[in-house]
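**Student:** Take a look at the following structure, please.
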Number of protein chains: 2
Amino acid sequence: MTAYDHLMAHQRQTEALSKVAERLGWDQETMMPRGGAEQRSEEMAAMEGVLHARRTDPRIADWLAEVVPADEVAQAQIRHIRRSYDRATKVPGDLAQELARLTSVAQGIWAEARAADDVAAFLPTLSQVIDLKQQEAAALAQGGDLYDALIDDYEPGATAATLGAMFDRMRPRLVDLRAAVLAAPAPAPLHGHFGLEAQLRLARDLASTFGYDWGRGRLDMAVHPFSSGGGSDSRITTRVVETEPFNCIYSTIHEVGHSSYELNIDPDYALSPLGHGVSMGVHESQSRIYENQIGRSRGFTGWMFGQMQERFGDFGVASPQAFYAAVNRVQPGFIRTEADEVHYNLHIMMRFDLERALIQGDLAVDDLEAAWNDRFLADFGVAVDRPAHGMLQDVHWSVGLFGYFPTYTLGNVYAGCLNQAMRAAVPDLDEALARGDTSGATGWLRENLQRHGGLYEPREVVELACGFAPNEGPLLDYLETKFRSLYNL
Amino acid sequence: MTAYDHLMAHQRQTEALSKVAERLGWDQETMMPRGGAEQRSEEMAAMEGVLHARRTDPRIADWLAEVVPADEVAQAQIRHIRRSYDRATKVPGDLAQELARLTSVAQGIWAEARAADDVAAFLPTLSQVIDLKQQEAAALAQGGDLYDALIDDYEPGATAATLGAMFDRMRPRLVDLRAAVLAAPAPAPLHGHFGLEAQLRLARDLASTFGYDWGRGRLDMAVHPFSSGGGSDSRITTRVVETEPFNCIYSTIHEVGHSSYELNIDPDYALSPLGHGVSMGVHESQSRIYENQIGRSRGFTGWMFGQMQERFGDFGVASPQAFYAAVNRVQPGFIRTEADEVHYNLHIMMRFDLERALIQGDLAVDDLEAAWNDRFLADFGVAVDRPAHGMLQDVHWSVGLFGYFPTYTLGNVYAGCLNQAMRAAVPDLDEALARGDTSGATGWLRENLQRHGGLYEPREVVELACGFAPNEGPLLDYLETKFRSLYNL
């Protein structure tokens, strides 16, 4: 066996074990009896221990020193293996364990603090998490920027400087669009009761409509919808609020986007480093383009209006145009996960600035709530009414996910670029969507982006698909065109 | 840390990882999308690799050489760890891997052969499995009896000689009882349609009636019902045939018995070698006593008759007595898993003799079908009509489970002993069961047997619970009394 064969064989088992660990997480959120939580945390820790030992196996360094990749695919595999090994060995084992232990406890403390609207109960723990993340970042950065080192975990190649500059270019146009839209008359919302079983049937049918491969997936309920797994087993979840069907509908389409990316990767890359979505940003581009540029388009909502009428009868919306407006209703709100396309990125930019300052030591944890509330008032024109609607709303910081937030907006930016290229490439796309036929869109995405998995770097694969370097222009153009037309501005 | 602490810490992680592997099996049978099978087999193999490495970790030998157990519990822990280490290190790694690989393929070949009634398609594979199992047995037996070495995996301390002698004592009385019962008029069977949802509701209510802890478990559907897991997460499965409600009812009660054993073990033993049911025979005694001596008793079936009437209306059975007779209807049949209490052990004894002869080299694989069919005709008075009803009916041999079958009858024998002791100890048990109150029975079993987990050896824990050495007498007395009364003999 060559060094390359050794590396790939070792990696294949590690990938299989990490699939097992991921499925354990899926089970925890969908199936686990409530009494199983404590034992489960020991099971997860044991799996993490096994994975960490495999990722830092000293033989990897020997094989990497010897390996001569034969082609582009082998080069990409080695690039990923080298990156993973460097990362795993740079962070001291004790620190990694301490972080794992703390963040698992911190999540519970955060959840209780949020339920009680009690910032003070969360701050000491958050402070500890930030301290450990700073140590981790220092180990990874080796003299470079701390926050960049954390971003790199989720979006290799991205930096706070380039992201920050892009966000600065985006903010004025979003703020202007937001102000104009909110000054116009608001469309009518939905009224009615949308039963659980009927919503779940619709969710399944929508997943099928978007080409979800039921032979390699399944749909279950979860408090916070997510997708999980890859290769030949990638599962989605959804939730149902019986007064708000868009919650279930767009959660489902979003997760189908994530899951389809995983399932459409070239099967030759299965159980190898290339067999995953390449970054969080590119992943989010797929969930967002399925959800927004396709799922919230005029064409597709027209088809969905018919589906809703068939399934739910009269629900207070008279025409496809009114339904399109209801789906895309813009309204200010405290909660990021409920934000419309116009507001969403403003939420992200705010978190980006705050977490960057926290990690770089420019913002003290004790000042975070005031900083959050001031910024929210400035960006959204509303005062935060309670911490659960403010700095306690997201789980991310409690579990140490610093550097993750910007990938949401990066995903939207990539989705904007891909949408522009896709619409140029696929003739009569809107007409097809109006018939409930997404195959032109999903087929284009599969062929031009999804199948490559980790073969190219994130920006590279988006550029390859689009034919131009990714930038924020297409997203902003799309949003302005869509919402100015919708609101008759 | 002492050697004991090291051993227990190492074992704790191994136990946690083996829970993960077991849950992966549960997922495969209940949740996995069909396209996930191939990837799943790699995941399972990777987990087995991890577990094998942990079980053969050379530090275990060092710790075992040093350890000084402080008390009875520590002694029992060390006994289990030593046994597991000896077993894992005696079998060469190559052989273990070859067996794992072959049996995973063999199961598919067996399933196809059974579907096609094609013995010849299965024999070459069966022959390979037997060859490898003989090699494994030779490695384990180190000069002793090959079949004994295999039995020891499932029932430590049992031997073919003592089991064979016991079976020889049981057979004449069972054959006599069978002949007498079959000569009498048969009770009427059920008629009607029993809908899936209503059966599942009944299954859930029955599980609750038997004290199943839903906070640490759940019920799902599976083609072949099983229970899975332990500690604070032990799940059960059932199946539904809409014309035969007893299938779902008694599968459920059976699996609740297995699962309750696991869930009722002293929580101090969680994630340690004592935290499991002590043997397959003792495990089966719990599922069988829940199912038969309690679930098929006159008292409990009387209560269940009322439940069935409420849920399904008129189903062609007029009285509690007629229902009791229908539940306990004795009829000859080819299939072990569908056998009544009178026939069941005759199926096992036949498999015991055949597999013992196969492993000891006294029966050639090519002669197995004839041997099976001759023996079946002799014991059951009917000629096997097709291989799927004969030697191809059970999965066990294809997956290498030689030595497992006798534990089914041993479980029935233990259940007979425990039933005798329980009825002597719990006053008015039948009256309570007639009210649907199983707590006297399940409480006695929990207190006297289940809570001990692996603390005592299998025969020892049964003797401790019963106050006498386990033997076949109580089971045979119970069967004769029950069925002679039921059939007016």
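Cβ atoms here come from the backbone N, Cα and C positions, even for glycine.
The structure displayed is predicted, hence computed values, not measured ones.
Among the features that TrEMBL reports, Zn(2+) binding site is placed at B:HIS254, B:HIS258, B:GLU284. Taken from TrEMBL, the feature active site, proton donor/acceptor covers B:GLU255.
Looking at the shown structure, what environment does each listed feature sit in?
**Tutor:** DSSP gives B:HIS254 (Zn(2+) binding site) a helix state.
Note: B:GLU255 (active site, proton donor/acceptor) has non-local neighbours B:PRO225, B:PHE226, B:SER227, B:ILE236, B:THR237, B:THR238, B:SER287, i.e. same-chain residues 6+ apart with C-beta under 8 A of its own C-beta.
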**Student:** Using the recorded Zn(2+) site (B:HIS254, B:HIS258, B:GLU284) as reference, state which further residues of the same chain have their Cβ within 8 Å of the centre of those residues' Cβ atoms, listed in sequence order.
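**Tutor:** Same chain, not in B:HIS254, B:HIS258, B:GLU284, Cβ within 8 Å: B:SER227, B:GLU255, B:GLY257, B:HIS283, B:GLN286, B:SER287, B:ARG288, B:TYR290, B:GLU291, B:GLY411.
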**Student:** Rank the binding-site residues B:HIS254, B:HIS258, B:GLU284 by the number of other Cβ atoms within 10 Å of each Cβ and report the first-ranked residue.
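**Tutor:** The most densely surrounded of these binding-site residues is B:GLU284.
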